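A short worksheet on the structure shown next.
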Amino acid sequence: MDFYANNSFLSRRQKRQLQRTRMNKDPQVHVVLDVDGTTPPITVISGEERQYYDTLQNRCKKTAVFRRDYRLPDEPPLGFTAVLKRYMAACCSAQSRRNLLSNRFPVWRTMKKYKWRTDLPNDIVSGLTVGIMQLPQGMAYALLAELPPVVGLYMAFFPVLMYFIFGTSRHVSMGTVALISLLTGSVVSRFYDPSLASAVLGANQTEEILHNMTIPDNAKDEPIEVELPDHVKINIAASICLLVGLAQMVMGLLKMGFITTYMSDPLIGGFTTGAAVHVGTSQVKYALGLHIPRSDGVFQIPKTYALVFRHIGETSVPTLVVSLICMVVLYIVKEQINQRFKSKLRFPIPVELFVVIGATLASHFMNFAGKYHIKTVGKIPPGLPTPTVPSFPSPGVYSADVFIIALVAFSQCVSLVALFAKKHGYSYDSNQELIAYGLGNIFSSFFSCYPYAASVSRSSVQESAGGKTQLASVVSAVMVLIVILSIGPLFESLPNCALASIILVALKGLFMQFQDLPQIYRISVYDFLIWVVTFLAVVLLHVDFGILVGMLFSFFTVVLRAQRTKAVNLQKISDLYVYENSAKYKQTESVSGVRVVGFNSPVYYANGDLFVKQVYHAAGVVPEKRLKMMKRMKRETENEIKETDNEIKQNAFVTVVNESKELGSILSLEKAGADTKRNGGWLPVLNGSSMQNNMVLSGSEEGALHHIVIDMAHVCFVDSVGAKVLKQLFLDYEAVKITVLFCCVNDEVWRVLDETGFLAEFDDRIYLNVDDAVNAIMLQSVIQRASEIRIPAVSNEYKENLRPDAQESDSLLELKNESKL
């Protein structure tokens, strides 16, 4: 008969367990038992509830089954010969050749779609505007690179033409920039040292220069600098330009455009702000009219300001006055007019050009150089330079700087390219950009140029003035060419302090990055530390040392974040199939005996031990301690049983006999009387099918941890050491009767687990998601609890079945007193 028809002897807890619904509606598990108690109880699922049981069981899909049913087979790896044949076949097709030419010469795609009637007027206006800016900025930044100002005009022409052909961006303006000029000037200034100057000038010429030098009494303890001729400095800068171009070319061909991803925005911000301090410091002596040697190497900034304050009494008042006038005019027009009325102006007022023209006219007619001893630009040779192959003087001095300049120039350019490409909806190729920069530098090195990059200010003006393509840059280059060929010598009277003022005012935007620090700190403390450490390293050490320190510190923070990752307890949000951190989300509910753990980091050699400790902490169970406790409890139980044996004289045993008497077995329940006494007069009863296989007595307490589910959704990769750690974790918990399950394992982690042999043992413990794993545990618990329902021990002795003619499919249960054997 139905067990529910006579369940008055069940406790309230057992009744609730039988009637509780799970997952909308649990399968109703019934236990069928004969009235006379001679037939073992049978667990069945009735009627319509069978459908819910099947649905629940099908939902608990394991990852191995899912991959077997749905995953496409992996393609076998190709050999070297097959790969080479496929590559050659792809390269030799007509379509691939057309794509190659189109990708290597982006100007072809641009000009094919060029709208001459609408785009050309915009490009002309934009190009003229940028050309006006190129003139003063080019001469000023060339001065920053320790080169004659005319070199800045050359750089506004030759690199621009090469980028027009090979570049993929339509809006960036190439030429001189402050940061690259500073790095180049740092290399050039190293050859001011007499030992290096003799390598490029020769020992005799160097000694002659030193002999003719007049050293003031207050500067005898300062480093001696050899004033190099302009053609020597240009040759050094051109050598750097050629090597930088070759480095960028090789990086582009090797498709290393991804390298800038390792330079985060905080690192770039701290680096550019620190470099702005260097740029500003290098122009102080020109603004004050001081004649002090250029410091280089570690602690360059403190050394420079120490020299400035030592010679502050030698400040040229006329030079200082001209500098202040130029800076005031520049600031008023740029900040109070251009910035305030930006929405009403078609393009900003070219105040730099007006300052250059005004300062040149004033210097020429008022004789600044002869009357007030203000240093001017000097002779500007007319026409274009003669192509010359760089001679590479002492390349070992600047070989490391070449890669730093190549990397910094590319990172600054590609960030602007990506910004404008996203804004205007076109694509760019970072690898082709590297090739374009490399070809531009290689070509320009033969025409007395140093490395170039994209300017933020000029690119913004070119885009805001309506520029549509790089044809605007060609227009600006033509304008600069006209100046070089015709009116270049007119700027020979331009004061150097005016160019220094242009550079100092242009640094305002970089120094304004300090305002971003509070926002960066609120977003991420790690990003804040990267910004500050990079800035301090650049300022206190050097520009090239600073960027290396910043990158190393950035990598260290990545490792530190992985080491500080904490495992969290996940619980299901009511009425949703979502598991979130129970400490941060409300309306969460947990499953008794099950702990869901989430870990937001890869598991690899560096954090394997941390992962294990975090799982221990989140689960609340340390296997080693639990195993010691179990052994101690086992010893205590054995001692208790020994004491009980002295009081109990009889033992019960269970004989399982099938109906046909063909199969019989005896299972001795030692100390059954003691068990009966401890369990309040209840004996274990299992369903018939389980009885025939094995008899399992559950000793776990209600609510004790028996399953741990680890959510692997945020574990992006696992190495061989991590796989060993995971396997050991499974074994350690298995030793203390706790089963560990995985879920949400991605393909890469699955591959590593398969290769390391982990799946050969534990593939049946990996589920598709957290909900499937928890449902599988709940389903198993429901069946197990139903099979462990206990019936009252009415008597210590049961008679044999008095109804041998009863047609029953299950075994008959016969209990005898052990004394009757």
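From the backbone N, Cα and C atoms, a Cβ is placed for every residue, glycine too.
Curation does not apply to TrEMBL; its annotations are automatic.
Lifted from TrEMBL, the feature list:
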type: TRANSMEM; residues: 141-166; note: transmembrane segment
type: TRANSMEM; residues: 234-254; note: transmembrane segment
type: TRANSMEM; residues: 315-333; note: transmembrane segment
type: TRANSMEM; residues: 345-366; note: transmembrane segment
type: TRANSMEM; residues: 402-422; note: transmembrane segment
type: TRANSMEM; residues: 434-453; note: transmembrane segment
type: TRANSMEM; residues: 473-491; note: transmembrane segment
type: TRANSMEM; residues: 498-516; note: transmembrane segment
type: TRANSMEM; residues: 528-560; note: transmembrane segment
type: DOMAIN; residues: 584-777; note: domain 'STAS'
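Spatially, the transmembrane segment (473-491) is not adjacent to the transmembrane segment (528-560); fewer than three Cβ-Cβ distances between them are under 8 Å for residues at least 6 apart in sequence. 434-453 is the stretch from 315-333, 402-422, 434-453, 528-560 with the greatest number of Cβ pairs below 8 Å to the transmembrane segment (234-254).
Counting C-beta pairs under 8 angstroms (sequence separation of 6 or more), the transmembrane segment (434-453) fails to reach the transmembrane segment (528-560), with fewer than 3 such pairs. Long-range contacts of the transmembrane segment (141-166) within the same chain: residues 104-107, 131, 134-135, 174-178, 181-182, 184-185, 188-189, 230, 233-234, 237, 279, 282-283, 286, 294, 377-378, 380-381, 384-385, 432, 435-437, 439-441, 443-444, 447-450, 452, 470-471, 473-474, 476-477, 480-481, 483-484, 488, 491, 494, 496, 499-500, 503, each at least 6 residues beyond the stretch ends and with a Cβ under 8 Å from a Cβ of the stretch. Nonlocal intrachain contacts for the transmembrane segment (528-560), taken as residues 6+ away from its ends with a CB within less than 8 angstroms of a stretch CB, comprise 182-183, 186, 262-264, 266-267, 269-271, 273-275, 277-278, 296-302, 400-401, 404, 407-408, 517, 520-521, 606. Across the domain 'STAS' (584-777), mean pLDDT in this model comes to 74.
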